[in-house]
Amino acid sequence: MNKLTIVGAGLVGEAAAQIIARDELCRELVLMDVQGELAQGKALDVWQAAVDSGSDTHVHGGAKAEMLEGSELVVITAGVPRKPGQSRQDVLSTNLPILDSIMADIKHHAPTATVLVVSNPVDVLTYRAWSVSGQGRDKVFGQAGVLDTARMKCFIAEQTGFSARDITALVLGGHGDSMVPLMRYCQIGSVPLSHFLSSEQIEQIVERTRKGGGEILGLKKTGSACDAPGVAIAQMVDAIGNGRNRILPAVAILEGEYGRTDIAMGVPCVLAEKGLARVIELPLDAQEQAMFDHSADQVARDIAEMKAL
């Protein structure tokens, strides 16, 4: 990939930039923020760290929308993070106009760019970004499931003592309390998770995964998760930039899959050279479909709330 722009030089944007630059996932990396000097300073720091790691990625920062020009991929991390006790939906009224402004700049300066939305509430903002972009769902989608899956794998490894490398997991649905971890798809070394853990232990992991972001927020007090989201972003950037055809969970616009349309939900997708190549529709049993429908209904209500603002 030639040029990638991260809009939002906060902790998540900076964490993603560090990995993207270090791993040379693009030739030119731009870190944009309304606080231009902050973006410049962080970009310079990231660039120097990347150089020390042997990377030739050129990193620069600033506030001007013109910096978007030529971007093949734009990652949106800008917005206010939630505070302890807040839900992701609580920051919608603040982050919606921020997203709208960014999308207007993208349409003007980088109209063909692929857009990856990370800002919360990510399901609603992904839907908004897609609806105003004029692009197909292959060009506008969000990041949530890669992070949620990593959290689940972490908790499974902690509970079982097995290497996280051998753990596979999958989370669908909205990014929040209504997410749908598909436990029958969770395995350790190709062995079903139920072979190692009781149903009570598995349910504890499910609940902790749903509350994973809030747990970190409550412990840190002054900031939300940043490092794990940064890694999740970098994974998706790598899949797109290097055309890896990876199957990763993403917040995608559904077109009839899982019985839903006109909604943005976390589902397994194929990420390829130009973006989201396709949505994978898994067969769900009655209980899983009911949980997915519950999650979808919540996201639909959130989208309706967004439209009313």
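Just so it is clear, glycine is given a Cβ too, placed from its N, Cα and C backbone atoms.
The feature NAD(+) binding site is assigned by Swiss-Prot to G8, A9, G10, L11, V12, G13, D33, N95, V118, S119, N120, with sequence analysis given as support. According to Swiss-Prot, the feature substrate binding site maps to R82, R88, N120, R151. What Swiss-Prot records for H175 is active site, proton acceptor.
Features as recorded by Swiss-Prot, highlighted on the structure.
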residue	record	DSSP (3 states)
G8	NAD(+) binding site	coil
D33	NAD(+) binding site	coil
R82	substrate binding site	coil
V118	NAD(+) binding site	coil
R151	substrate binding site	helix
H175	active site, proton acceptor	coil
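Of all the binding-site residues listed here (G8, G10, R82, N120, R151), N120 has the Cα closest to the Cα of the residue listed as 'active site, proton acceptor'. Neighbours of R82 (substrate binding site) among the binding-site residues G8, D33, V118, N120, defined as a Cα within 10 Å of its Cα, are N120. Here the binding residues for NAD(+) are G8, A9, G10, L11, V12, G13, D33, N95, V118, S119, N120. Their largest Cα to Cα distance works out to 17 Å. Put simply, R151 (substrate binding site) is 28 Å from D33 (NAD(+) binding site) when counted between their Cα atoms. Most Cβ neighbours within 10 Å among the recorded positions R82, H175: this distinction goes to H175. Of all Cβ atoms in the shown protein chains, 21 besides its own fall within 10 Å of the Cβ of G10 (NAD(+) binding site).
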